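Chemist: One structure is given below, represented as structure tokens, and several questions about it will come after.
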Amino acid sequence: MTINYFGLGAVVTVALAALGAGVLPLFSPSKFDLGNGKDLVIIPKSAKGDWRRPAMLMVTIIFATSFVLIDLHQVARLYKFATLAVVLIAFNSPSAHRIVSTGEIPIAIRVLIALDYPLIALFIRARLVRRLAIASNAIIYLILTISLDAIEMIISSTTGLAVGPFSIEGTLLTLFLSTVIYLRFLHSTFVLPGVTSVKREGAKNCSDTIRVLSIVTGLLLILGMGLFSLASIFKMTLASLTVIGITAYPAFYTLSSLLIIAVTPKVRPGLPRNSSPPLEIITPAYNESASIASMIKAIDAGALTYGGPVSIIIADDGSMDDTRDQALSVASQCRWVKVRVLSLGHAGKAFALNSALAETSTEIVIRIDADTIIDSDAFLPLPGWFANPEIGLVGTLPSPRSDEGVTWFDHMRRLEEIKTFGFNLLAQSRVNSINCIPGTFVAFRRSAALRVSGFAFGMNGEDADFTMQISRLGFRAVVDTSIKIKEDVPSDIASFREQRVRWTRAVLHTWSRHSPFYAGLVGPRAWFFYPKMLSMRALSLARGVVPLWILASIFSRGTATTREGALIAFGISGGITLSVLMVLVIRYDNIRRLPWLPTVFLYSLLKRFIGIEALFTLPLIDDARWRLRNLTNETAYPPTANHVTEENWTKN
């Protein structure tokens, strides 16, 4: 066995070049945002959602996936041939031939991930040059994976170490690289907001980062030993282990959150000098005549229970209905809350919020959406939380409103809220990693909000961006599940699509403003929890075909022991999330919700499809150059304070 060091150097050089091509664009913030990095984002508007192109893309992906699975041996053979050819550039050894003869399922994962990009290029509305640029992500990914697979083969053959490209660790590396390429695709294709200009402040406390690193490392070791134990007990193949590893990918984050809750200390409120300091509420309202009265009445009841001064500033964002009249009418009936209505020109939610924020004077301010109903004791925990000087934002546990009857979407959203707010965000609050307190109800420090210039105008996800901006000042965000609210939930597929397209864009917009590659690390939220959301999107299509692989493994010609082991291991890995969700339902909700649990997978699939649709609404870099030139200050900037036409006060 002779190593050709010149050839080995060439292989390493190609791998590094491909890695550089994938990673370097991530370090360049958007150059097309003409905003100020705080409260103003100026980019071309997103297009309206259109389900037809994403639907055609999904159908094509299903057909392509079926082809790969049906003719998997032939596809794997081509990939192995390319990998072995690269290996032979550096050295020739019989052991390399043996290593490359295994691993059809891991190869299918690589091929399916690469296949996404030419299919997106085929269906996206773009010029030919842009389509080719999108498709080139697949080429970069394949060059990178083939080069790294070849290097792993060389290491395994020359050292005898139990590593290899198609092993569990090799597949995990592939999944990590798929997220890198997905981020490259986003940054190099679409116009996204520029980097935040809010400087990181506060003491650099590394304890949260150390805790998360320790938990993640320990969990990986435990899961690795568990997988190899299953392999030895049930005589499972490497392919089965790989499939189980991919299937357990979401469960890994569930277990991470579980361990964080189990071993890290709670964040606790302080002892307030005044148990009921003044509170001010800001509420943006646009065409909310159907819900504004219920919201004000609930706040009035909450003010009675609270016992201290409570006032609400409603910023009417140029409503076309009688939102203002409804608000003034019910305000005249309120006994415990002071109501003020600002009549504004229509300029969007962020401008309405900032207009109301500018009129506040108390240190504790609460943003409540106009379609939100709070419980009567919702304000009671707030003074204690803000007596802790580390706390900057406080969120709540929402549940769906059922004014018009309970739909399937209500059940799914309730299960989603229980998992997100009653579990995930609780864990993230332990390690200062919450990246979004939703605007349905968020209490915050007014002084901190003014330092970041309030809410960002011109982007989706102003609530997530607000959370990240306040966190950059050194404050923590927490969720208090004792604070209960009811929020409006889409009741049909059309409104659900519209909402989730916005939410997906919000994730991408906020990531672009706060990417750790150029905005810096702000605790584990930047390097673990936020990338987790993006990695789930990057791998959602590959994960979608895992059940097909499981069925193929169960009904294959393998031994009964292998099939039984695959089925049991899949049941364990897939059941972790459901088991945790069952406990959460019993803890926070009613056991009558349990029969709806099996449909969570359909709900998840629907969200993945809509996530693809959101990509088709983002403005392309090709269009930004001339579209931004046509933006004037009058159209790009929100209206000024002169658009406030009247103010009304009512009080008991």
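Here, residue 1 is simply the first one shown, and the rest follow in order.
From the backbone N, Cα and C atoms, a Cβ is placed for every residue, glycine too.
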Chemist: Quick check on the annotations: TrEMBL lists transmembrane segment for one of 54-71, 72-89, 108-125. Which range is it?
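Modeler: It is 54-71 that TrEMBL annotates as transmembrane segment.
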Chemist: Under TrEMBL, the annotation transmembrane segment belongs to which of these stretches: 336-357, 534-555, 600-621?
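Modeler: From TrEMBL, the annotated transmembrane segment range turns out to be 534-555.
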Chemist: Which residues of the chain, 6 or more past the ends of the transmembrane segment (138-163), have a CB below 8 A from one of its CBs?
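Modeler: 1, 3, 8, 11-12, 14-15, 18-19, 21-22, 79, 82-83, 86-87, 90-91, 93, 95-96, 99-100, 110, 113-118, 169-170, 173-174, 177-178, 181, 184.
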